[in-house]
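Right, one structure below, let's go through it.
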């Protein structure tokens, strides 16, 4: 399946309302089609030879002659040394005794290779001091001029860098080769030895037979053969047809990539069509292509296993690769785009504030790689290289999701939501004489993320998309306040009161403030904080109250300091608040844990209220359900979790479990809380 490759870029022509926002209309014909295909790693490149100048060629020839002479001198010395040592050993060898085993006789034709001759590495300082010495030795003006020219060259930074590279290559080329297995069938050789030893009754032969039959030796031989078999496998020789086909593409730089394609390993790449070309469009995190680092966006695929790809549709390429396994040979034209090396990206964790289904998204560049999620899910974003389409994993699916999925980038999603709202507003009929009023009301109905420092500032509104999160484990002596929120008659007050009654030593309520006079049985600081109206209004202006209201001409409210006093005492503060108070509380330093108490179905809610002796009307039940939807839509981004109160006892146990989990497991909180 393929989808339009919009990639969120600005298009020249689009429908009204879309052009200004830089988004292509879903009805437009796509410029590109992007398809996810397998593309394993183990990649390699082959470059065309570099043309040398005549002067460089002469220098190279002189260096080659000097190297050849040094090799001949070294081999001559080595041969003389080997001959001398062999004569000495032959003179010291005693006559053979015991069993004549032809298998272990040293073949005369085998000469063990000695390590490469040592190469003395000159440093720039050595070269400079030698030239200085020569300069003092020579007296004629021409020689002095030549030496001065050489000294200037040696002091040049580019020459010094090239000299260091030369030394590094020389050291690498003269390193001894790693050990290479002589044979890959030691087990067969051991069986032959055991066959030879069968008729032997001497103690040494029987001891060798027992040793070769020991389980550890057998396991060692098996491991040796497995490793040797892999080491001795020759790399498949590139088919001559591949090199012949390169000539068909003129003077273009071509690279050949050989891939071992497994059936169960995702390769993580997408391709798109550009005219007749098939272009690698995207490298997906987690796939073999990304891990290899050798396959790049913008590479053009010319051939796969000798099959020409130019002119094929991405669907044909997908079908072709789905039937191919084993060794695949790709002929590619490298991308001409010059990109800076990618910086090491850090994973960011975000909480989604909207639902997303890629199957309903006409803008997703590759629907097969789209990652669906729901409001409240935690996403681990591992790549923002494409600002319009992030690559991410969903929390809990990392092990089952080998490849990262595509999710809308924050700015792209904000543009899209703004476009939708603009279109919806344009479609609404505007009544004559009420234009400004209508626009004002529409603006207030928008779902916005408020500025933390300006609670009522509509000019700083931001469409809800993602919120960066971090893990936080509450300290044992500083518990997070538990906030219960929900529509009336949904049980949040009953749950709060049950917790307070059953575990008084663990839970406490914040002492509210009031402006009314103290009654005889009330204790200041225990029942209420009694303050003057002037002081209360000053605290309201200073933003010290989480929520407040007026009843019978007296002000009542819960302050941030009252909640902090409960936290400092080591207890868990329990609050039941209105939805309008959540923003102020969340923007404080209290780190609240907000639990939404949702009602069950309408019929179940009627039964629960009937048990309490209440007989609500149908319209009252519908109002509760509608209020629930409204609270979830407007304030759901504040909720940490939700409990459906279909049974008060079960809801109480679930509430207690969630509170206990805060002591044992870290929770996701806004990153701004920890900065």
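Yeah, the Cβs are placed from backbone N, Cα and C, and that goes for glycine too.
What Swiss-Prot annotates here:
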- 486, 487, 488, 489, 490, 491, 492, 493: ATP binding site (BINDING)
- 120-177: domain 'L27 1' (DOMAIN)
- 179-235: domain 'L27 2' (DOMAIN)
- 256-336: domain 'PDZ' (DOMAIN)
- 345-417: domain 'SH3' (DOMAIN)
- 479-660: domain 'Guanylate kinase-like' (DOMAIN)
- 1-32: region 'Disordered' (REGION)
- 21-140: region 'Interaction with PARD6B' (REGION)
- 52-79: region 'Disordered' (REGION)
- 181-243: region 'Interaction with LIN7C' (REGION)
Packing count at residue 493 (ATP binding site) (other Cβ atoms within 10 Å of its Cβ): 14
Other CB atoms, at most 10 A from the CB of residue 491 (ATP binding site): 25
Other CB atoms, at most 10 A from the CB of residue 492 (ATP binding site): 25
Mean predicted confidence [pLDDT] for the domain 'L27 2' (179-235): 84
Counts of helix, strand and coil residues, the domain 'PDZ' (256-336), according to DSSP: 14 helix, 34 strand, 33 coil
DSSP-assigned states of the domain 'L27 1' (120-177) in counts, ordered helix, strand, coil: 46 helix, 0 strand, 12 coil
Cβ neighbour count (within 10 Å, all chains shown) around residue 486 (ATP binding site): 25
Those residues of the chain, 6+ apart, with a Cβ under 8 Å from that of residue 487 (ATP binding site): 599, 624, 627, 628, 631
Under 8 Å by Cβ from residue 490 (ATP binding site), same chain, sequence gap 6 or more: 597, 598, 599, 624, 628, 645
Per-residue Cβ crowding (10 Å cut-off), top of binding-site residues 488, 489: 489
